Every structure is written in structure tokens, then in C-alpha cells.
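**Student:** Sharing a structure below in C-alpha cells format, with a few things to ask.
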Amino acid sequence: MKETIVAQATAPGRGGIGILRVSGPLATKVAQAILGKCPKPRMADYLPFKDADGTILDQGIALYFKSPNSFTGEDVLELQGHGGQVVLDLLLKRILQIDGIRLARPGEFSEQAFLNDKLDLAQAEAIADLIDATSEQAARSALKSLQGEFSKKVNELVDSVIYLRTYVEASIDFPDEEIDFLADGKIEANLRGIINQLENVRSEAKQGSILREGMKVVIAGRPNAGKSSLLNALAGREAAIVTDIAGTTRDVLREHIHIDGMPLHIIDTAGLRDATDEVERIGISRAWTEIEQADRIILMLDSSDPESADLSKVRSEFLAKLPSTLPVTIVRNKIDLNGEQASESEQGGYQIISLSAQTHDGVKLLRDHLKQAMGFQTGIEGGFLARRRHLDALEKAAEHLQIGLVQLTEFHAGELLAEELRLVQSYLSEITGQFTSDDLLGNIFSSFCIGK
């Protein structure tokens, strides 16, 4: 028998309204115990909420949704009372005294909705993303995902793969036909079409992942290069202490900002040098840890000091120590001291931004560069949010499509192509939860709020 769960659906703490949600086959039993009746489905009823001895604990609106016409697909009872935490706790305690009722786990209401086919997995995740959105664009995109925009694109891909799989397997099952299906060009054309279709979805998903998770950008360089001043300029406030004393920043400073809707985690680090001070050495060690985990590095150079701005020395002292795949933007700071104009150029395969963090001249160039470098497009309508697991699944699907193309065009191997298409279908279906593991479901829903 399915379990009946209860939890507070509104945020803990003091508020104008507090809501308790009950979901499961015993929701009507709870209604009879607390309200003395079960409200008509989908009709608001103003009633007292009573304790076991008949004492009125609160009074408010009761709503009943009969299965399957509810968010979870189960019978659902919502009690909307006053938002005092003591009152809500008393009411919750009373409900938990009823046999067969237990406290919901985090995300369990959404999990019920998923298991009852009210939402697919991508839509369920979008609920948490909508709650956690840190910008207007992220909220709008999360709502698009909740409404099924992302799932629709994935399902269209799955349908295309299934159609092609059927065609390929038919050519394998009927080898005596006069027509060589593998060589007639139709399968290759369809396969290339799916590859292009998937690339479009991957591009949108990458944008959605940036919106959801942000990008980690680490500002690094020698002491007194102006790293903290740049952090303040990008943040638009005095987030870091700035002095003329080299080594002022000794620990990692973090600031979360938005550039035209793109979330960035900007991290200011201790100046990189051979330090004798133990505290500074620890700060430098932490700086290298952050650098290794970054999505992009901003390497600060002091343009007023010819030695520190020498790119050949910078390459040997710093750039050579970085992973080759880690993107780096070089910033020549303090152009106000030598009369230079703000500019953007390219040298040795690196983008170089010349600016003044002190006067903010050229800071907009850096902001625009970061947007472009991260592949972020401002103001896209109809986008959706995506998670890292979605990107991983799409990437694996793309890899197997390319392998399948090689099996078809170079080896004429229908059986191997069919297997690659099966794997593609499996990876894509993981996104919406058609094929997934219990461990994955547990990890996803445990990250939700209790009551969602």
C-alpha cells in the first residue's frame, strides 16, 4: 500500500500564511480527524483545525484534491493557516499522531509526482531550480523547463533515434531484400540530421547550465597587481580591502555577481609569489587549489611594471603550470598610470584586456569578453535550465552518434550502428527519467526542500 506523507510546504519561520500538505491514500482520514469532514474536491473550505480532544489549534482554508487530479497524483489535503511556527508545529504533531502518516522526506512530494507520471525527471528538477533561481532570467528558464520545454526537445530526439533504430534493425532482419538499406543514403541522412538536432539542444543546454550553476572565475596574479580592485569593480561594491601594501589579500574572497543575467562566481586570491610568511603561504596554496578548479582564469598583470607585464616571463612562471585545457584571459591593469587606452587584443593565443580597475576604464570590455568567452547569450527567450547530469548525458549521446556514423560510413556495420543508437536512446532517456536508477532518483530528490 502506498504511504501517506505530510510536511510543511511553506518556508519555516514567521509568516502571514503557513501551509501543511498531506499526500497519500489516508488524506481523507486526516481531513476527518482534523476538520471533522472532507472538503469537496477543489473547493476552498474555511474550517477550524482541531486537536485530538477537540481543542481548536487554528482556523483557515482547507483544500482537497482527489487522485489523480493533484500535483502528486495522490489524494492531497492542504491546510492553509496562520504562519506562526508554533501553531504549525502543533498541527503537524497532531497529524503525525494519526496511524499511517509519516513525515515526508525532502523532495518526496515531487518524487510522488514523478512516479505517478505527473512530471518527468527534468520537470521535477526544474521545481528545485525555480526555487533556487538567483536571477530573473534563471527563474524564467526554470519555468520553461517545468512546463516541459526541455523534455519536449529531448523526447523529439528520442523519437528520431527510435525511428532510425527501427529502420536500421529492419535492414539487418531482412538481408535478402534487393535494396541495400544501409547504402541507400537515407540512414546516413537521418543520422546526420539527428546529430545536428542534438548539437542544437546541447548548445541550449550549455546556456541553461550557465544560468543555473554560474561560472567560476578566479582572479590570479602577483601581489599588488590590482586583483582585489578588479573584484570590487566587477562586483560594483567594496567587497575586498584594497591597499598599496603587497600581500594584503591572504585568503580566498568570493563574490557572486551577474553580468546581464549571466551568474559568475568571482574569486579573488592571494598574490602568487615565494612567501616566507606562514599565513601568506597558506593563502597562496589555497589560491592554487581554486585555480585548478576554475572554469576560467583572469591573470592580472601590472602594466606599469614592464618586468611583471612581460608575457614571456608570465608564460614560464604561471601559464606553464596550468592545465592546458583551462582557459585564461590576461588583464593588463593600471593603464591609467601610463596613459594607455582601454583595449582588447590577442597575443600568443591569449585574449588580453587592457583596463584600469581603479577608474573602471575598460571594465565593460572585460564583462563583454567574459560573456562571449562563456558562450552566454543575453535575453534569449524560450530557453531552459539544464544540470551537469543533463550535459553529461547529451555529451555521451553525441559521442555514440559519431561512433555510429563511423560504423555506417566506413565499415557498413548495421549491427554496430544499431547498438550505438540503443545507447544514444538510453542516455537521452536518462534525462527525463524513462531509464534511470534508484540511486540517481534518491540523489536528485534529496536535494529538494522538505514540502516540495
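Glycine residues also receive a Cβ, built from the backbone N, Cα and C atoms like all the rest.
So Swiss-Prot lists the following for this protein:
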- ARG21, GLU78, LYS118, LYS452: (6S)-5-formyl-5,6,7,8-tetrahydrofolate binding site (BINDING)
- 224-229, 243-249, 268-271: GTP binding site (BINDING)
- ASN224, THR243, ILE245, THR248: K(+) binding site (BINDING)
- SER228, THR249: Mg(2+) binding site (BINDING)
- 214-375: domain 'TrmE-type G' (DOMAIN)
**Student:** Do you know offhand how many angstrom separate LYS452 ((6S)-5-formyl-5,6,7,8-tetrahydrofolate binding site) and ALA270 (GTP binding site) by C-alpha?
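**Tutor:** Here the two Cα atoms are 41 Å apart.
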**Student:** Whole-number Å only: compute the distance from the Cα of SER228 (Mg(2+) binding site) to the Cα of ALA270 (GTP binding site).
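**Tutor:** Distance (Cα to Cα, whole Å): 9 Å.
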**Student:** Rounded to whole angstrom, what's the largest C-alpha distance between any two of ARG21, GLU78, LYS118, LYS452, listed as binding (6S)-5-formyl-5,6,7,8-tetrahydrofolate?
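**Tutor:** Comparing all Cα pairs, the maximum is 18 Å.
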**Student:** Cα-Cα separation of ALA270 (GTP binding site) and GLU78 ((6S)-5-formyl-5,6,7,8-tetrahydrofolate binding site), in Å?
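**Tutor:** Just about 52 Å between their Cα atoms.
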**Student:** By the count of other Cβ atoms within 10 Å, pick out the sparsest of the binding-site residues ARG21, LYS118, ASN224.
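**Tutor:** Looking at the binding-site residues ARG21, LYS118, ASN224, the Cβ with the fewest others within 10 Å is that of LYS118.
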**Student:** When you measure from the Cβ of GLU78 ((6S)-5-formyl-5,6,7,8-tetrahydrofolate binding site), which residues in the chain that are at least 6 apart have a Cβ under 8 Å away?
**Tutor:** ALA9, ILE19, LEU20, ARG21, VAL22, ALA62, LEU63, TYR64, PHE65
**Student:** Given the binding-site residues LYS227, LYS452, which one is most crowded in terms of C-beta atoms within 10 angstroms?
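**Tutor:** Per the Cβ count, the most surrounded site is LYS227.
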**Student:** Could you pull the average pLDDT for the domain 'TrmE-type G' (214-375)?
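**Tutor:** Residues in the domain 'TrmE-type G' (214-375) carry a mean pLDDT of 85 in this prediction.
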